[in-house]
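What follows is a set of notes on a single structure, which appears directly below.
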Amino acid sequence: MMEKPPLPHEDDTVVTRDSLLCSLAGEGSQEGVVEPPARDGWDSKVEYFLAQVGFSVGLGNVWRFPYLCHQNGGGAFLLLYVLLMILVGIPLFFLELAAGQSIRQGSIGVWKHISPKLAGIGYSSCVVCFFVALYYNVIIGWSLFYLGNSFQYPLPWEECPEHGNTTVEECTASSPTTYFWFRKALNITDSIEETGEFNPVITCCLLAAWTIVCMGMFKGIKSSGKVMYFSSIFPYVVLLCFLIRGLMLDGAAEGIKYMFYPKLEIWGEVQVWRQAATQVFFALGLGFGSVIAYSSYNPHSNNCHRDALTVSTINFLTSVLASLVVFAVLGFRAREVAMRCVTRNLEKLSEQFSVGPLDRDLLPGFNISDPSLVPLEAYRDWFTAHGAKVPGNLTDCSLEEEMNKGVEGTGLAFIAFTEAMTLFPGSPFWSALFFLMLLNLGLSTMFGTLEGILTPLTDNFKVLKRHKTKLTVFSCIVGFLIGMLFTQRCGNYFVMMFDDYSATLPLIIVVVFECFSVSWVYGADRFLDDIEKMLHWRPPVIYKYLWKYVCLLAMLGLLGASLLRMCFKRPTYTAWNRQTASEVTLDYPDWALAVLAVLIIFATLPVPMGYIHSTLRSRTRHNFLGSGTDTGAVYTKCSTVECDTPVADLLDKHLERNGIPNDSPSPLAEENLRLLPQREGVEDIEDSTDL
């Protein structure tokens, strides 16, 4: 069983299955097996809860969820997201929480505990965590750069700079915020193939970001847990402030209505289901190993089922709150831009009427001499009816079109939202508040990501456990040095490449193996039995069928859809063209596709390698001992708790004959089980320990 009961007291004289195992293995020896030192734990449940919420609630809640909701049917996407969260997200999140809390190991130890052949799943999680940490901290560095520039008035991205006596043409053709992002912050090249030199300012910001992360992780959860009190709570304070301010702005209602307007026809599109499932997958941080790592420091009887429901609900509500804020502010921005468009067009119209006589039937019913008083809807109605008949190249002024511009990812945070804040009274204050929020959202997720690397490694390698502080510092140094790849002038394109491809497929593969291992290899019934012994109540049986069928099939479908999309549609990225001062979509060059393939293969390779290594090790031991026992098929599909290992079968027969209680072995007994082959003639106990 997976349950880890405490060691028996010295005065406990009851003969049990554990005591018999220990006596069989250690009878006559002078030295017993030493129980490993007690595992660190959270100082309080609040710290743990804030850590889980802080890890799951990240930048994606603020800049990816609103975009997906807006692009994929508004309220219809919300319903689809909730459905997938209930059927797939929460069950898998609960699975990881329960596994980590029960076995009290990181991702490597958890899957190795279930079967040594599955240890590669944990190593793959560590590799993906490292890939994500590399580019995620670059985004934190960008936030630091903007935060530092927010303490100016006016903000440096409010107006286009002048070169001599003329305004910079690239800025005029785009916008001040767009120009500042692509030219001042990134100084970006026209494509990924133009590497360019390092950006010294962003490199320094990346160094500062890794320094902050290192200081926060210096003492493991003892230090990062304290930081979570601020980094996890502060973003909610900022979001509420922005929501209150945003709802008071002209155009906020239109923005929110535009986002949540339901388009139920999108439910028939496979692409929408794929994006919703991917967002659920990443929103909860499944497959990273961070959820397992955090829960492994919990008390054994902690109610992880309640935690799964609570954290998932908070994550969803945070996404909705962020969407309200984003589209209230973007609605205000879109209306401001649209009204400037109306003003320009009415000035052209006034010129046409002053230059020569025009048909009076074309004259609008509103006063064109004061454009600020003309409603946007009135102008659009007039333009639809008569705009094409008036000379002067008048244009439509669409609020919806403006809402569609720059609302995804970095475009939302560093262009669209930043531009909207320049229209606020006291814009430096709001800008500093916004980027401080992004910084804290990124840090709380970054702490969890790094914990998903450090905890499994220190749990499985004693030398690393003894030097965990040095390992933390070393990991941050290596992360900074490799992360300098993203501080080149073309670094933003590599960030997009890592974000879109290097993590998605490997993480889906990891979760597929996790779900299969628990529900089919170990057995969903046995896993529920373990949870029942841990929590003293049994979770609903519906989880068994969700894990075995719904979650597994959903993840396989998501994996298949992602692979088909990559195979039938060449991967592309969005580049900034200096000459046209606009974004263009380009195909990744062949060498970049080769890099993508290497990253994906490298991240997933530990899974088959772990299986092969364990199989070869078992066969080698089998040949060395010269036994006829088949150690290559120790684990078979288990669907009930009665499915036991060879050693357990021998022991249970002995217990039945002698009337000894048949309880599950403690860690001490499990350690002594490894000595049984020499006494009982059973090989490869390490690969067949009953969990």
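Including glycine, each Cβ sits where the backbone N, Cα and C put it.
Keep in mind that TrEMBL annotations are predicted by a computer and have not been checked by a curator.
Asn315 (Na(+) binding site) is surrounded by 24 other CB atoms, counting those within 10 A of its CB over all protein chains shown. For Gly54, Val57, Asn61, Asn315, Leu441, the entry in TrEMBL reads Na(+) binding site.
Marked as transmembrane segment by TrEMBL: 78-99 (among others).
Feature annotation from TrEMBL assigns transmembrane segment to 120-147 (among others). If one looks beyond the transmembrane segment (120-147) by at least 6 residues along the same chain, the residues whose Cβ comes under 8 Å of a Cβ in the stretch are 59, 106-112, 185, 201-202, 205-206, 208-210, 212-213, 287-290, 410, 414, 418, 431-432, 435-436, 438-439, 442-443, 445-446, 449-450, 452-453, 456-457, 479, 482-483, 485-487, 491, 494-495, 498-499, 502-503, 506-507, 509-510, 513-514, 517, 599, 602-611.
Annotated transmembrane segment per TrEMBL: 200-221 (among others), in sequence order.
Taken from TrEMBL, the feature transmembrane segment covers 233-256 (among others). Away from its own ends, the transmembrane segment (233-256) comes close to residues 50, 57, 318, 321-322, 324-325, 327-336, 399, 403, 424, 430, 433-434, 436-437, 440-441 of its chain (Cβ-Cβ under 8 Å, at least six residues beyond either end).
Look at TrEMBL and you will find 276-297 (among others) tagged as transmembrane segment.
If you look up TrEMBL, you'll see 309-330 (among others) marked as transmembrane segment.
Here TrEMBL flags 429-450 (among others) as transmembrane segment.
Feature annotation from TrEMBL assigns transmembrane segment to 471-489 (among others).
Per TrEMBL, the feature transmembrane segment maps to 501-524 (among others).
Residues or ranges marked as transmembrane segment by TrEMBL: 545-564 (among others). Outside the transmembrane segment (545-564) by six or more residues, the chain places 84, 87-88, 91-92, 95, 270, 273-274, 277-278, 281, 504-505, 508-509, 511-512, 515-516, 518-520, 524, 527 with a CB less than 8 A from a CB of the stretch.
Taken from TrEMBL, the feature transmembrane segment covers 591-612 (among others).
For the transmembrane segment (591-612), the list of distant contacts is 116-121, 123-124, 127-128, 131, 192, 497-498, 501-503, 505-506, 509-510, 513, 571: same-chain residues at least six beyond its ends, Cβ to Cβ under 8 Å. Just so you know, the Cβ of Gly54 (Na(+) binding site) picks up 27 other Cβ atoms within 10 Å once every protein chain is counted. If you draw a 10 Å sphere around the CB of Val57 (Na(+) binding site), it holds 26 other CB atoms from the protein chains shown.
The highest tally of CB pairs under 8 A with the transmembrane segment (200-221), across 78-99, 276-297, 309-330, 429-450, is held by 429-450. Cβ atoms under 8 Å from those of the transmembrane segment (429-450) belong to residues 51-52, 54-55, 57-59, 61-62, 129, 132-133, 136-137, 139-140, 143-144, 146-147, 150-151, 155, 212-213, 216-217, 224, 227-228, 230-232, 234-235, 238-239, 241-242, 245, 285, 288, 290, 293-294, 413, 417-418, 421-422, 472, 475 of the same chain, restricted to positions at least 6 beyond its ends. If one looks beyond the transmembrane segment (309-330) by at least 6 residues along the same chain, the residues whose Cβ comes under 8 Å of a Cβ in the stretch are 49, 52-53, 56-57, 61-63, 65-66, 69-70, 78, 81-82, 85, 89-90, 93, 236, 239-240, 242-243, 246-247, 249, 252, 255-256, 258-259, 283-284, 403, 407, 412, 416-417, 420-421. Here the transmembrane segment (471-489) has long-range neighbours at 130, 133-135, 137-138, 141, 186-189, 194-199, 202-203, 206-207, 210-211, 213-214, 217-218, 220, 450, 453-454, 457-458, 464, 495, meaning same-chain residues at least 6 beyond its ends whose C-beta is under 8 angstroms from one of its own.
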